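To start, the structure under review is shown below, and the notes come after it.
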Ligand SMILES: NC(=O)C1=CN([C@@H]2O[C@H](COP(=O)(O)OP(=O)(O)OC[C@H]3O[C@@H](n4cnc5c(N)ncnc54)[C@H](OP(=O)(O)O)[C@@H]3O)[C@@H](O)[C@H]2O)C=CC1
Ligand SMILES: O=C(CO)COP(=O)(O)O
């Protein structure tokens with residue numbers, strides 16, 4: 001470890017292993033480098049590793065220069081050797097598979113920071129539950145909030161939240177990850193931060209679909225507002241704190257991804273609303289999350305008509321028009337009845 005100073009805070013540089021060589025893994029590797037850490041980036045694909053070593057990740061972050069100093073490798077053991085901290089950045093549905101590869105090489109007792117946003121489709125498990133299942137005893141944290149990979153990679157000002165059940169761990173990680181243009185808040189509501197990040201993707205798809213289908217800005221605002229009610233209901237059933245969901249992971253990320261074509265989930269919904277082909281579009285985590293969130297809502301008796309509609313539209317059971325009619329003709333109710 002090397003002694004270093006960032007943003008006026010005294011701290012010691014860590015060896016950080018970033019697992020996942022996509023857009024977010026690459027951006028976070030750059031962010032960790034700028035926070036004075038010794039960064040190893042694991043990508044399972046040799047071509048991606050070679051490209052990152054050459055200074056760009058053209059498949060996932062085209063046109064963005066990767067500063068020298070990140071040690072890219074397709075050997076997960078090399079990435080994890082002597083690591084002080086691990087950032088898990090594979091898509092949510094791939095976390096279990098990636099941890100299976102990582103498990104034999106994981107140093108004991110180091111924090112694992114979940115950076116994906118989703119719920120496991122087959123089991124309904126939050127990502128922290130997957131880690132508890134596969135790597136018992138590992139200190140778990142989650143990093144979430146409104147943060148496009150391209151913005152973070154370019155070093156644009158961004159605020160995120162780092163959560164862990166132990167506030168001291170969350171605070172330490174937030175301090176170590178923060179740098180000039182990355183401001184990390186801390187939280188001890190791990191579940192709340194996970195749920196906010198996972199569910200906002202479903203509404204980002206819905207927002208894109210509303211835009212794509214030409215339903216208007218008023219419908220858009222109504223959908224996001226009522227979607228947020230559903231997010232809070234499901235969050236409450238997991239034990240998430242309402243104030244967490246009012247923060248960066250939840251409301252903050254809804255504001256970002258429900259309003260920007262830069263969001264892949266929004267772009268997916270946009271294509272859906274325009275009747276364009278969906279095959280070959282970039283990762284949209286909200287697709288599997290919509291299906292499992294709809295199932296969770298049904299099983300728990302939670303009223304979540306927008307999530308249910310998004311799930312049904314995605315599996316082809318109903319059209320967007322039919323969903324709109326169903327949502328608009330539901331029995332009237334008190335707005336505050338959440
Ligand atoms: N992009 C963004 O702006 C942000 C993304 N996130 C979240 O981060 C997560 C990852 O997204 P992102 O990086 O953008 O996705 P990308 O589609 O850009 O990249 C996914 C990466 O994961 C790798 N991968 C997939 N499966 C495995 C596996 N089993 N083992 C190892 N690596 C695997 C892929 O490798 P390969 O190329 O070999 O398939 C690829 O490098 C998502 O949950 C997303 O919601 C969060 C905040 C911002
Ligand atoms: O979560 C994100 C920004 O906070 C990225 O959103 P998309 O995955 O929709 O691009």
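Placed from the backbone N, Cα and C atoms, the Cβ positions cover glycine too.
Record check: TrEMBL places 24, 44, 60, 149, 264, 283, 285 at the NADPH site, and the matching candidate among 108, 117 is 117.
TrEMBL names 117, 145, 147, 253, 263, 264, 265 for binding sn-glycerol 3-phosphate. Of 200, 276, the residue it gives for the same site is 200. TrEMBL lists transmembrane segment at one of the ranges 12-33, 78-99, namely 12-33.
Listed in sequence order, 158, 159, 160, 161, 185, 197, 247, 248, 249, 252, 253 are the same-chain residues at least 6 apart in sequence whose CB falls under 8 Å from the CB of residue 145 (sn-glycerol 3-phosphate binding site). Overall, the recorded NAD(+)-binding residues 20, 21, 22, 23, 24, 25, 149, 264 cover a maximum inter-Cα distance of 18 Å. The most densely surrounded of the binding-site residues 200, 264, judged by C-beta neighbours within 10 angstroms, is 200.
Look at the domain 'Glycerol-3-phosphate dehydrogenase NAD-dependent C-terminal' (189-324): DSSP puts its residues at 99 helix, 0 strand, 37 coil.
The 6 Å Cβ screen around ligand 2 retains 253, 264, 265 from the binding-site residues 22, 25, 149, 253, 264, 265, ordered by sequence position.
Cβ neighbour count within 10 Å across all protein chains ranks 23 highest among the binding-site residues 23, 283. Least packed by the Cβ count within 10 Å, out of the binding-site residues 253, 285, is 285.
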